[in-house]
Amino acid sequence: MKSTTSQPPQPDDTTRKRRSPKADTSGLYKSAVRDAFVKLDPRVAVGNPVMFLVWVGTIVTLLVTIDPNIFGTVDADPNRQRLLNGLITIILFFTVIFANFAEAVAEGRGKAQADTLRSSRSDTIARKVLPDGSIGQVSSTELRKGDRVKVALGETIPADGEVVAGVASVDESAITGESAPVLKQPGTDIASSVTGGTRVVSDELTIQITADPGQGFIDRMIALVEGAKRSKTPNEIALTVFLAVLTQVFLIVVATLSPLANYVRTPISIAILVALLVALIPTTIGGLLSAIGIAGMNRVSQFNVIATSGRAVEACGDVNTLILDKTGTITLGNRLADEFIPVNGHSVQEVAAVALAGSLFDETPEGKSIVQLAEKLGANLDFVGGGTLDEMRARSEGVDFSARTRMSGTDLPNDIEIRKGAIDAIRGFVRSRGGNIPDEFDAAYERVSRLGGTPLGICQNGDLYGVIYLKDVVKAGLRERFDQLRRMGVRTIMLTGDNRITASVIAQEAGVDDFIAEATPEDKIDVIKREQSEGKLVAMTGDGTNDAPALAQANVGVAMNSGTQAAKEAANMVDLDSDPTKLIDLVAIGKQLLITRGALTTFSIANDIAKYFAIIPTIFAAAGIGALNIMGLKNPQSAILAALIYNALIIPALIPLALNGVKFRPLTADQLLQRNILLYGLGGVIAPFIAIKIIDVLIPI
Amino acid sequence: MLAHRTDEEYRIMLQGWLQIGLTLALIVAITPIFGGYIARVYLGQKTLLDRVFQPIERLMFRLSGVKPETQMNGWQYARAILYSNLAMAILLFAILMLQGVLPLNPTGLGAPTWDTALHTTISFITNTNQQHYSGETTLSYFSQILGLGFMFFTSAATGIAVAIAFIRGLTGRPLGNFYVDLTQAITRILLPISIVGTLLLVAAGVPETLSGPIVVPTLEDPNLRQAIALGPVAHFEIIKQLGENGGGFFAINSAHPFENPNGFSNLIQTLAMISIPTSMIYTYGVIANNRKQAWLVFGMVFIIYVGFIIVTAIGEYQGNPLVNSILGSAQPNLEGKEVRFGWAQSALFAVTTTGTMTGAVNSMHDSFMPTGGFVLLSNLFLQIIWGGQGTGTAYLFSYLILAVFVTGLMVGRTPEFLGRKIEKSEVVLTSFLLLLVHPLFVLIPGAIALAFPDQLAGISNPGFHGLAQVMYEYASATANNGSGFEGLADSQPAPTALWWNLSTSLSLLGGRYIPIVALLILADGMSRKQPVPFTTGTLRTDTILFTSVTAGVILIMGALTFFPILALGPIAEGFLLAKGG
């Protein structure tokens, strides 16, 4: 089963690489079988009205198996009756067991995941800073909010907290699955929060505890994935009510059928009435409904996102507007060199060569991208004597970037000084070396600004070579995904601190529907409120403490695990991988959950037509309506058993679909309806006709 | 079978289909005109009749203390309906019980039995007009005109008001004021058309007089005397049809030559009973500003309606195989039919009257072939092949809501209709309203009656047909139709009349007021919801696809509830007939 865990819909490249810590699912089925029987407890069973009625029906048929005449004498041979009633009882019992099993499997998957999490939470000895400043050894369970502890290399952080002193690397792979350690230090919004159960892998931290025992992040996650706090979502409640009404309708239909049948002199037995009732009530969706909901949450957590409630997952499907931060969500965090614009009569090749030489010691992503672009253009170091980059590095000296100079570069042999940096800085440098600034330089850097990029000047001593165009790079494949979202009726709004011109360029390139430039954190909450006032559901991501109000206001707020405690508490989902682009996948998961629920409901109800045509004509054959037996079923006993066996087996047959969800396609509502109605509506009408006929042929009665 | 027919018979067949086709064409033509007019009335826009009726309405509101501008919420609206209906019911019951001492009683009739009076009161207040009595021998002119005639207007207007309030709620408007809606339904819709219709019917030969029965010698034997009942029939007749009431002035209803003398009067009556429910769908389209959806819903019902007419008409045209084998030729089934209407107009009328919950009859439904019986019963079960005055339209759109709920999830959003989320309370109300009321008030009393066929039911035809008779009676009561399959001993002084009067009274009340209250609460809730903007991810409900899905939901839900009855009633009977009895 490990390998068949559901594929998240359309995972993009950045999220496919990282998987959650693998949950141990061995023994899942064994314990699910046990749980299926445990759930027979009437106090548990009554929570699902449809299946509870089947359970009651099982007991009734059991009674008439023991004594066929218990509810009044029947004419037929009691032993023959007993056999039929006994078979009906067995099938009904398995119908209940199958439904319980479906739920147990779904819950079991969550439990397995919780166990993995729990293993990271074992009690540790913490070094607590006592009031007098000394250090005392206490159990991690004795720590309270506000306590301070010291955690050194190799130790496990005892509880959630904020770093108040020290700088250290922390391995958070236990909860994120990300193996690279994360740097933690005090005073920074994001990097100062630590999670209990993670390990310090360098230096020492002083941490102020922010959660009481059992209240920590991991504890809450465990409770959530285990389904301990799972309550039905509004739509599930509505569906349960609808199924209950349908069940009552069929209860009346079947209960009143007896006098009708007697009146036309074709009496039917209690067991057959119960069989008819169970065949008609929506057992398929009734049995799978809660499994679908649990599986939806599991799918989210397999995607390394923890949802605080099923409601939040459902809301994802309903989202109308996504609010996305530009940096990190839409663009890669770093700008990359895109073009060299020469001035002063230099060629692109020359600019590339100078830029290459000037970036020899630049280890920033921007610097590396300049090297890459220059090499792509075929630049080499021949103008300073040739050789490989490493040879050249050995012969020259790097000039680091500083906030004061706002440029960096390389000092090559023969007093060749190459500098690249902010336009003004380069201008100053060129002048100081006696060079002049042509007008085309201004034109070049203005063009870059208008394109939404960052211009860097590049010069060699007093000779100004040109402008390097550093471009904000939109993540690959985003445009297509935004197109998909648009087709599904979801608008995207980009928020950025950039100026309008830059923002509009990026927005156009990424294909978002709208953008807000020069945005402040307060703007975020204003946008959310504006959208919500139009009745829209809004989803957003955030990580900083100043995002917390917006995360709370949004209908779906996804906090990054790397974010602050405040952000995580305000959000209704936490992304353990801290990948804001995942928000898009969450929309798909939410829709997938709803579609699965709708598809199985439609399928379940559509099935009834065939069951009616199987049972009614055969049991009332004496009334002369045998011609309605269009499936040509052998006899009433065989017809009833075939319909019931189908009814029971369809539940386990659909468990994979319920747990993994129907395949999601980013189509418009009309296309989705058409597709799914044909598949599950029409399919639901036809499939049971075929299946019941086959079962009828197979069973030897 | 057709091979035996002569040219003359082909001419008759063609004529029959032509009559049906012409009527259907007129229905389609009337719908947008009349529907647009109703919308203008209830949107408060200018209409031709403003000058005549506005002063009258103002005077009435002032005298009765109604403040027209006061908006009611769902419960207030419902309460206004319940209280006003209760007051009118008490009035009618009193009139019936006191008719012996009241004027306009040329035949000197006394009070009916209390249970007949009670059943009649409930039957007329609920717009059903199920009659367990013969009008001409039980009720005085006073009871007919002032008692029943009054209810013809008010019960129909109540239905219209409910539909308007429902449409307003669905489209996010406040529900309105019941008293204003009720008054305007009468002054702007029912009364003006009734006046014109009365004149047309009088022109067609329907009597309108206060004189008593005429006593004449019979043709066969001049010594024998026959009393020919007369009365103020014409005005009674038009509102009987227009208001989907259906209670006949005479026992045999629109089959009586004084109620419905010829093809022309029959056409007027058919159009009168169907025009409000068809137009009301268009009214929705105007108020919701979505005429496309209105035409789609209209089209959906129209297709089922025409299908039902064809099935019924073919069954009647082909006739009874048992009779045909005796006759030696294929003849239409004319048992229980008026020869002046023939198989075609009888079939059309029967399908229309059961579909629209009018309940008037121009032929015996009991005598229809099993195919016809199947259709007529299905009409009562489905309740939306146009459906009751106003309530039918509301049911139709409730079915749309239910279809959205069942299938809407499949587009990946929680279900929404007209931009409003369908949540628990909507599901409770619609599923209860559409799925549970009928089984409760049809199947349960029907099963009890059939469990004691001799003590309670008094069925004239045992077997499958008897089962259909009993179920038809309760379905007719619950759906507020009022027509009878007949053949039941349900009139006093039969010993089973008390059971029938009381048990159907319960079905009448349950089938009327529970849905009305549910519809209003539903509409009220919808009107208060924050509308969700429409996107390409939203399920469009005004498409052929979704309308077809709705049709599927309606037919499946209807079939699931009533398949056993149809199977053991008309279907079994049909197979029995086909087998040769």
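Glycine residues also receive a Cβ, built from the backbone N, Cα and C atoms like all the rest.
For A:1-26, the entry in TrEMBL reads region 'Disordered'.
Look at TrEMBL and you will find A:50-71 (among others) tagged as transmembrane segment.
According to TrEMBL, the feature transmembrane segment maps to A:83-102 (among others).
Among the features that TrEMBL reports, domain 'P-type ATPase A' is placed at A:128-226.
Residues or ranges marked as transmembrane segment in TrEMBL: A:237-258 (among others).
Per TrEMBL, transmembrane segment is recorded for A:270-294 (among others).
For A:Asp325 (active site, 4-aspartylphosphate intermediate), the number of other Cβ atoms no farther than 10 Å from its own Cβ, over all displayed protein chains, is 20. In the three-state DSSP assignment, the secondary structure recorded for A:Asp325 (active site, 4-aspartylphosphate intermediate) is strand. Among the features that TrEMBL reports, active site, 4-aspartylphosphate intermediate is placed at A:Asp325.
The annotation ATP binding site is assigned in TrEMBL to A:Asp362, A:Glu366, A:Phe401, A:Ser402, A:Ala403, A:Arg404, A:Thr405, A:Arg406, A:Met407, A:Ser408, A:Lys420. The Cβ of A:Phe401 (ATP binding site) has 18 neighbouring Cβ atoms from other residues within 10 Å, across all protein chains displayed.
The transmembrane segment annotation in TrEMBL covers A:612-633 (among others).
Marked as transmembrane segment by TrEMBL: A:639-659 (among others). Sequence-distant neighbours of the transmembrane segment (A:639-659) (same chain, 6+ residues past either end, Cβ-Cβ under 8 Å): 6, 84, 87-88, 91-92, 94-95, 98-99, 101-102, 105-106, 109, 272, 275-276, 278-279, 283-284, 287-288, 291-292, 295, 298, 596, 600, 603, 607, 610-611, 614-615, 618-619, 629, 633, 688, 691-693, 695-696, 699, 701.
Annotated transmembrane segment per TrEMBL: A:679-699 (among others), in sequence order. Sequence-remote contacts of a segment are chain residues at least 6 beyond its ends whose Cβ falls under 8 Å from one of its Cβ atoms, and for the transmembrane segment (A:679-699) they are 599-600, 602-607, 609-611, 613-614, 631-634, 638-639, 641-643, 645-646, 650.
Maximum C-alpha to C-alpha distance over the listed ATP-binding residues A:Asp362, A:Glu366, A:Phe401, A:Ser402, A:Ala403, A:Arg404, A:Thr405, A:Arg406, A:Met407, A:Ser408, A:Lys420 is 19 Å.
Through the fold, the transmembrane segment (A:612-633) approaches residues 261, 264-266, 268, 272, 275-276, 279-280, 639-640, 642-643, 688-689, 692-693, 696 of its own chain, all at least 6 residues removed from its boundaries and within a Cβ separation under 8 Å. If you average pLDDT over the domain 'P-type ATPase A' (A:128-226) in this model, you get 78.
Same-chain residues lying 6+ beyond the ends of the transmembrane segment (A:237-258) with a Cβ under 8 Å from its Cβ atoms: 48-50, 53, 267-268, 273, 276-277, 280-282, 285-286, 289, 597, 601, 605. Under the DSSP three-state reduction, A:Phe401 (ATP binding site) is assigned to coil, being neither helix nor strand. Annotation for A:Thr405 (ATP binding site): spatial neighbours A:Gly421, A:Ala425, criterion Cβ-Cβ under 8 Å with sequence separation of six or more. The binding-site residues A:Ala403, A:Met407 differ in how many other CB atoms lie within 10 Å of their CB, and the one with the most is A:Met407.
According to DSSP, the domain 'P-type ATPase A' (A:128-226) comprises 17 helix, 35 strand, 47 coil. If you take the Cα of A:Asp325 (active site, 4-aspartylphosphate intermediate) and the Cα of A:Ala403 (ATP binding site), they are about 26 angstrom apart, rounded to a whole number.
Listed in sequence order, the residues of the same chain lying 6 or more apart from A:Asp362 (ATP binding site) and placing their CB within less than 8 Å of its CB are A:Lys368, A:Ile370, A:Val371, A:Gly398, A:Phe401, A:Ser408. Same-chain residues at least 6 positions away in sequence with a Cβ under 8 Å from that of A:Lys420 (ATP binding site) are, in sequence order, A:Ala355, A:Gly358, A:Ser359, A:Ile370, A:Met407, A:Ser408, A:Gly409, A:Ile426, A:Leu456, A:Gly457, A:Ile458, A:Cys459, A:Ile468.
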